[in-house]
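Presented below is the structure to which this report refers.
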């Protein structure tokens with residue numbers, strides 16, 4: 001009896017000692033699950049990685065790439081319980097997320113340009129869907145646990161790891177953002193020179209050559225420039241910036257893969273020491289300044305389209321401006337407001353402006369798309385814009401057939417294995433301004449068929465109308 005009584009204070013004392021420890025654990029968990037005005041904690045899940053037998057695994061019991069073991073598998077599946085229901089995230093590694101010659105450019109405090117080609121840039125970004133749920137989408141990073149975005153039964157979720165592993169507790173959030181008021185987010189069209197008329201197509205739309213062009217896999221080499229305000233918004237932390245930008249690129253591919261277009265990031269330039277142009281609240285002025293800078297810096301990196309992501313707010317509720325029908329040309333640029341650290345909202349604007357570059361117009365606010373939100377909607381929405389409307393797909397097809405932007409057919413390949421350019425083969429290659437075929441075939445008034453250079457005195461770039469998104 002005495003022993004039992006004497007133990008009570010010890011037990012009580014131990015309980016009081018444990019309470020602060022438990023409270024510390026709870027506090028640590030609460031800090032890890034940081035909610036925002038846009039996101040509300042939905043529940044905690046524990047993903048379980050399922051084993052998938054790959055063809056390469058059957059062959060040699062390992063996944064290899066150029067003789068080296070690949071850290072991230074080409075396909076993964078994760079099972080979890082969400083809302084009391086078992087779901088399986090079925091994910092495929094995003095192809096061509098980064099170009100093989102991907103570079104990063106920063107500037108020293110003295111303004112010296114420092115360009116590097118980061119080593120070991122094997123990425124961990126995947127896209128996919130909920131297994132057996134047709135209209136679901138997923139964009140997930142598996143670098144340190146599962147982090148990203150997915151939809152399930154038309155509800156948008158974000159998932160974040162509580163620990164740096166993919167099979168421990170993860171927080172799942174739901175979005176609180178409501179649909180934006182159409183009156184506050186309008187989209188207009190501004191023509192700079194007005195020289196480019198409506199797209200015209202020949203009557204023989206369905207010739208074998210054109211059918212092949214439409215069916216071919218298409219690629220866009222994207223070059224991103226981040227202004228000084230963007231750099232400071234991320235505390236000048238390159239790791240944070242890189243993670244955010246790669247998340248956005250993965251989401252961008254989720255969207256553009258629906259029209260068989262792969263978007264590869266071939267370069268990221270950060271104006272770390274100060275802006276190289278005057279970045280002002282007028283989107284139109286900033287666009288003109290960026291276009292001039294871009295035209296004088298074309299030799300920096302081979303790319304098809306460039307976007308400036310700005311950390312400031314533009315006037316009049318505008319969030320983007322792009323040159324229409326301009327892919328593969330020196331005027332293929334856009335400026336994007338990227339002040340808010342919201343990857344879904346940012347990719348909505350980036351994908352919209354890229355659509356204008358590919359010949360797509362705005363569509364009315366009430367246009368329906370399978371996911372409920374169209375990429376080219378004239379008003380911005382908080383929903384992830386997964387789809388292109390039927391009319392936009394038709395405009396894209398007309399743009400392809402009338403303009404035949406050859407750079408779209410070039411898959412990203414390392415420059416050190418590029419073949420010698422051949423003028424007259426209809427392919428835009430390194431060192432060529434244009435390639436319209438042989439002198440007999442060429443119908444491009446701007447292109448010198450014998451040299452594949454633009455003719456002197458021609459004004460074939462910079463005259464595309466601009467689309468502004470507000």
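Keep in mind that glycine also has a Cβ here, set from the backbone N, Cα and C atoms.
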From 173-200, 201-228, 229-256, 257-284, the residue range that Swiss-Prot assigns the feature region 'Disordered': 173-200
Cα-to-Cα gap, residue 328 (disulfide bond) vs residue 356 (Zn(2+) binding site), nearest whole Å: 13
Least surrounded among the recorded positions, given as 353, 362, when other CB atoms within 10 Å are counted: 362
Whole-number Å value for how far residue 374 (disulfide bond) lies from residue 362 (Zn(2+) binding site) (Cα to Cα): 10
Residue pair residue 407 (disulfide bond), residue 353 (active site) - Cα distance, angstrom, rounded: 18
Candidate nearest residue 374 (disulfide bond) in space, where candidates are the recorded positions 352, 353, 356 and distance is Cα-Cα: 352
